[in-house]
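Taken from TrEMBL, the feature transmembrane segment applies to 37-59, 71-91, 175-201. TrEMBL lists 127-161, 128-145 with the feature disulfide bond.
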C-alpha cells in the first residue's frame, strides 16, 4: 500500500508543479522547466503499476516476478535521486534564465502576447512590474491590483515579479527535489524488502526441489 501511495504522491506533486510552471516556460526556452514535473508523473505512474506486479509476486511467491519488481524499483530509485540532484544543481541557473526572460518580455510589453503573459504572471505570483509597480510609472495594469478597485486607483502589489519569480522557482524546485528523494527513500526500503523476499522464495524453492 505504501508504494501505491508513493506513486500517487509523485503523480500529484508532478501534476501540480506542471500546472504552476506551464506558463513560465513561455518566458524563456533556455531550459525546459517542466521536464522534472513530467518525469515525476511518469515515475509515479510506473511506481503505481509495478507495485501491483510486486504484490502479485509476493502473493504467488514467484521469484521471477519479485526479482523483476526489484530490478525496476532500483532503476526508479536511481532515476529519482538523479532528478533531485539535477534540480538542486540547476535551479539557480534556471531561476537566472527565467528572470532574464521576464525582463525581455517586460521590455516588450507593448506586444499583446507579452502583455497577456505578464498579466497572467502578475496575477498568479501576486507581483507588479520587474522590481515594483513603479516600473510602470503611474499607469500600472489591473493585474497589479492587490485589492478591489480599478487600476491605477487600486493598491498595487508591493513585490516585484523578479523577486517573486525567484522565490517561486526556488520553492518549486525544493518541493520537487525533496519529494523525489523522500519517495526514493521509501522505495529503497521496499527494494530491500523485495530482495529479501525474493531470496527467501528462492531458498524455499531449492529446499522443495524446484
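Placed from the backbone N, Cα and C atoms, the Cβ positions cover glycine too.
On the structure: features taken from TrEMBL.
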residue : record         : Cβ contacts under 8 Å, 6 or more apart
127     : disulfide bond : 121, 157, 159, 160, 161, 163, 164, 165
128     : disulfide bond : 122, 135, 136, 140, 143, 144, 156, 157, 158, 159, 160, 161
145     : disulfide bond : 151, 154, 155, 156, 157
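Packing around residue 161 (disulfide bond) is summarised by its Cβ count: 26 other Cβ atoms lie within 10 angstroms of its Cβ, all protein chains included.
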